[in-house]
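Per TrEMBL, these features apply:
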type	residues	note
TRANSMEM	12-32	transmembrane segment
TRANSMEM	38-59	transmembrane segment
TRANSMEM	71-92	transmembrane segment
TRANSMEM	98-115	transmembrane segment
TRANSMEM	136-161	transmembrane segment
TRANSMEM	167-189	transmembrane segment
TRANSMEM	223-246	transmembrane segment
TRANSMEM	258-278	transmembrane segment
TRANSMEM	290-311	transmembrane segment
TRANSMEM	317-345	transmembrane segment
TRANSMEM	357-379	transmembrane segment
Amino acid sequence: MSNRQIVKDFISSFISSLSGKAFNFALGLMLLDQTKSAMSFGINMIIYPLVSLIFLLPIGNLVDRYRHKKILIYNFVFRLIIFLLFYAFYFITNSSTILYLVIPFVILHSITVNINDTCYSASIHELVNDTKIQRLSSVTQTAIAIATMLSPAIGVIFYNWLGFSGFILIEIIANLLSLGVLLTMKFFYEHVGQEAEVKQNENNQHGVKEIIRFLKENQIVKYIILISVVLNFFYTSISIGVPFVVKEQLLLDNATVGILETMSAVGMLLASVSMSLLPDKKETNTLLTNRIRIPLFLLTIAIIGLGITFATSNTQVIISSVGGLFMGIIAFTLVILNIVVMTYLQSSIETNYLGRVMSTLFTLNTSIMPIGTIVFTYLF
């Protein structure tokens, strides 16, 4: 049963990630064509963190309060309605009014993405038994890594072929396929009366007090969230700094940037596949510490090595090969850290807290990246 669930999850994650990332890329191209603004590709990066912050408590409480499969199904239906309305109104807009349609759409779409990510992360232990959680997380990361590599090319090809309106229809079909896969998946709930029990605490303020108390009592979870936020902040420096250094300081071409980005994607994929092949272990605090120590050490060495490479060489061969190796290691270690940490959280936190913990983690991570972008844009 668990293996079938893992296969279904891979299919659903791949379809959702590939179509979602390609659609966002196509949305950026459309806005660039319509508005001629450099902010076209940054609209999601601006809106999504704000939506995550505003809806942190409602989404966390929603996920902890109701059956996860029911939430995911209703969320897909709501998303399909949003896309159908977006498709209908798209044809009556022009370059001067397009943002009045896109901004509300992106806000509503960001809410559905946030609900989906939080709810899915909180429900992994309901899809497979505890010994398969790491494998399921790894398979999900594999699907996302493949989608990340393919989505820009697919976005450009289909945008040029079908136009943006055709892309909206593709996204509607992709969501219908993902919903179909979801309907075939079995969710195993620990407590039959879970929904009735949690409804007794409907107050958002009570939910805040509960999660604060939970984090105070679980120091390891608090430290995991802190480390994750710090890593995301500094990873932003790599995302911004590498293209700038390669093109503006080393005076190399776009092909070199492309090679470095490709090596990063390969590192993500290798880490995901490797973790899916390793035997699952029940995470304890001691085991968790041991499993993140080496990746953190390698990550530190790789970041230092990348900096030294950029500082000591400006030849395309060295930057592409040595720099590409360090970029691959950075991505490899980050994915391993993510899988290990998520496996620990999903297997050790009680179900009635997991939604709020995941919502807090996702919100802080998405909120810190724009801050990192501003800081490192200024520094570079």
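Sequential numbering from 1, following the chain as shown.
In case you wondered, yes, glycine gets a Cβ from its N, Cα and C as well.
Keep in mind it's a predicted model, so treat the numbers as computed, not measured.
Of the Cβ pairs linking the transmembrane segment (317-345) with the transmembrane segment (136-161) and spaced 6 or more residues apart, 3 or more are under 8 Å, so the two regions touch. Long-range contacts of the transmembrane segment (290-311) within the same chain, counting only residues at least 6 positions beyond its ends with a Cβ under 8 Å from a Cβ of the stretch, are 231, 234, 238, 242, 245-246, 249-250, 283, 318-319, 322-323, 326-327, 329-330, 332-334, 336-337, 340-341.
Within its own chain, the transmembrane segment (136-161) is flanked in space by residues 5-6, 9-10, 13-14, 17-18, 21-26, 29-30, 124, 127-128, 167, 170, 262, 265, 268-269, 271-276, 335, 338-339, 342-343, 346, which lie at least six positions past its ends and keep a Cβ under 8 Å from the stretch.
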